[in-house]
Amino acid sequence: MVACVIKDWQGSEVGETALELRVAKAENAAHIVHRALRRQMANARQGTASTKTRAEVRGGGRKPWRQKGTGRARAGSNRSPLWRGGGVIFGPKPRDYSIKMNYKERRLALRTALISRSDSLIVVEDFSDKLPRPKTKELAAAIARWGVQPNDKVLLIVADKQDTIYLSARNIATVKLIQATSLNVFDLLNADWIVATVEALGKIQEVYGG
């Protein structure tokens, strides 16, 4: 169980909450989180890179010059990989980079990654009422009041999509906004700080607590 201090819009401590998630054993934690991270990054690859071999490049059917008597090196095609405009040797072809991982393992890795970042977790009260209309400057100021340095990367987790928060956060280069149901290992590990609303923490407990 991880105890968390709750901060309000002004950055003052107003209460406490707890996050209780089942995590991997200490000896297996790094391995399972690493596997989940590799899977996520591999599955994000399009795998559409493609090159043409000498057999696929247009042209090159006629022998450029006779085999002997010219003094030049022998050549059978002007689409040889040695020639400019020729085919590519061992170039990439479309392939599937995806890595499979069991559902229960993925969930365990996600919970483990989140708990491992508990020292960087900031829990705040719901602030949607503080932003009746999109205001990037006000959100940036609030994030600073919560203890985040200007150039630190922030993962902002909310319970549900709210347009005013989304529009306020999208122009802050160091802030990434996601919903509690869209948690992923890469974002959790990549951020310097994880800021979650109390409602988002409850949603995380509800969705991933099993």
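Here, residue 1 is simply the first one shown, and the rest follow in order.
Glycine is treated like the rest: Cβ placed from N, Cα and C.
Feature annotation from Swiss-Prot assigns region 'Disordered' to 41-79. The annotation compositional bias 'Polar residues' is assigned in Swiss-Prot to 43-52. Here Swiss-Prot flags 60-71 as compositional bias 'Basic residues'.
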Report, as numbers and ranges, which residues of the same chain sit near the compositional bias 'Polar residues' (43-52): CB under 8 Å and 6 or more residues beyond its ends. 87-88, 91-99
Looking only at the compositional bias 'Basic residues' (60-71), what are its DSSP counts of helix, strand and coil residues? 0 helix, 0 strand, 12 coil
Please list, for the compositional bias 'Polar residues' (43-52), how many residues fall into helix, strand and coil according to DSSP. 1 helix, 0 strand, 9 coil
